[in-house]
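Comments concern the structure below.
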């Protein structure tokens with residue numbers, strides 16, 4: 001087998017092992033090379049073994065385990081990478097121990113998430129697993145010591161994950177960290193019509209843009225995702241339509257800041273949402289992702305109309321982070337507390353029952369007791385049903401990491417005090433006895449219930465009846481907890497099937513184009529069959545001959561690798577000729 005490449009390659013085109021002999025060195029080692037006579041075994045040669053030798057490296061036959069941390073945008077990236085790998089023939093497994101390669105898709109928002117990521121790398125190396133890294137951590141800081149020598153796929157390069165995995169399995173270290181551009185203009189990222197494997201076949205996560213317009217002093221994600229880059233409206237609508245044709249009944253729109261959508265391409269979020277609403281079938285729902293206060297302020301009237309639409313959840317995630325203007329200024333959040341209150345008050349008035357979720361950071365550098373008290377008052381005022389409480393962690397390389405820090409004990413106490421306040425009220429007690437319409441899409445963590453959501457995206461647990469999955473049903477609320485309600489389906493109510501077609505099976509690849517489905521494979525049609533069902537000789541010839549449609553850009557990489565090998569041979573003969581002379 002060829003020696004593994006120890007050096008880190010900046011791009012996949014540079015596939016030349018660091019341990020390979022240079023042309024100049026070859027003439028000096030020829031005297032130590034002795035031909036080996038191979039004895040023929042006619043009986044053995046008469047038999048053709050369908051399986052390759054145990055030390056063969058044939059891309060597309062290995063098992064891959066994928067682990068994703070972080071936001072829904074990251075989860076969408078993970079689904080796309082899984083889909084492409086499965087379409088190519090790799091087997092995606094839930095068993096990390098049996099996997100040949102681990103694909104670790106990281107999150108850089110908090111220290112604990114990166115710690116889990118680092119520990120997983122160590123565990124993979126101890127288990128002699130091949131490793132490919134993805135997500136915001138390696139994109140933001142690819143030169144960290146613990147990432148040394150490992151393959152990395154950048155957040156805008158996920159459409160080339162097959163190539164990176166392929167080369168990693170062969171022993172090379174490959175890094176693709178570049179930005180996608182069109183005539184010098186940064187694009188939103190990889191194509192939206194790539195194959196994917198949805199974690200939940202009923203839910204499609206669509207990233208409408210990447211990056212943001214802010215420069216928050218605590219944020220590490222900006223280092224990875226960069227400035228705002230939006231996808232065109234027509235591409236997003238096409239992706240939504242395709243999802244519904246595959247049985248999806250709920251769409252999540254995600255990005256680092258959905259409210260900023262379109263400002264870089266001459267459009268805006270309400271324009272996109274109205275176009276999407278037109279293609280949502282009856283019974284299906286759309287959930288809007290996180291938006292920062294500054295940009296939603298410009299569209300409050302239109303947003304209220306959209307959030308009142310029967311096929312859009314009356315739900316909005318608006319992070320406030322702190323109720324102190326001085327802290328917000330140090331964070332460079334570009335709004336004041338009055339702006340946040342204006343957004344919340346307006347939407348609560350115009351969209352009755354709307355759910356407002358928010359985030360708060362406890363112990364940001366410079367936060368005083370008075371500052372924190374203002375935050376407590378804000379939570380007491382609005383009693384947010386969904387509140388994400390985060391103790392401040394200084395992220396390396398951010399301005400906030402260089403600011404004077406609040407003592408750890410103080411940060412911990414403030415986090416505890418805010419958590420106690422949050423758990424002192426029950427937002428759903430008054431809804432016991434109501435009759436609600438809910439969409440059933442998931443199974444609960446304890447596997448005892450199915451999870452549904454009412455029009456305000458409040459969680460309702462219903463009996464685990466397979467007939468309810470993917471259905472819009474009416475339930476009577478008979479119990480309420482801190483984070484959920486429990487509902488009993490109404491026996492005489494109409495049950496509506498939200499999906500317009502049969503959903504894909506769990507693990508089935510979505511988004512395979514007809515072009516890809518018709519790709520020739522030794523006289524058969526390539527249909528993303530599990531690798532175990534494809535004969536090895538067929539897989540090998542397909543790997544050598546087939547370029548996946550989404551990989552056509554840069555399709556000369558294989559040719560370049562072969563050309564380099566041929567060039568090395570020619571140089572070797574040239575030096576041999578010089579020696580003869």
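Backbone N, Cα and C atoms are what each Cβ position is placed from, and that goes for glycine too.
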Of the residue ranges 534-554, 555-575, which one carries the transmembrane segment annotation in TrEMBL?
555-575
Using DSSP, how many residues of the domain 'TRAM' (429-491) fall into helix, strand and coil, respectively?
6 helix, 32 strand, 25 coil
Can you break down the domain 'MTTase N-terminal' (62-170) into helix, strand and coil residue counts using DSSP?
53 helix, 23 strand, 33 coil
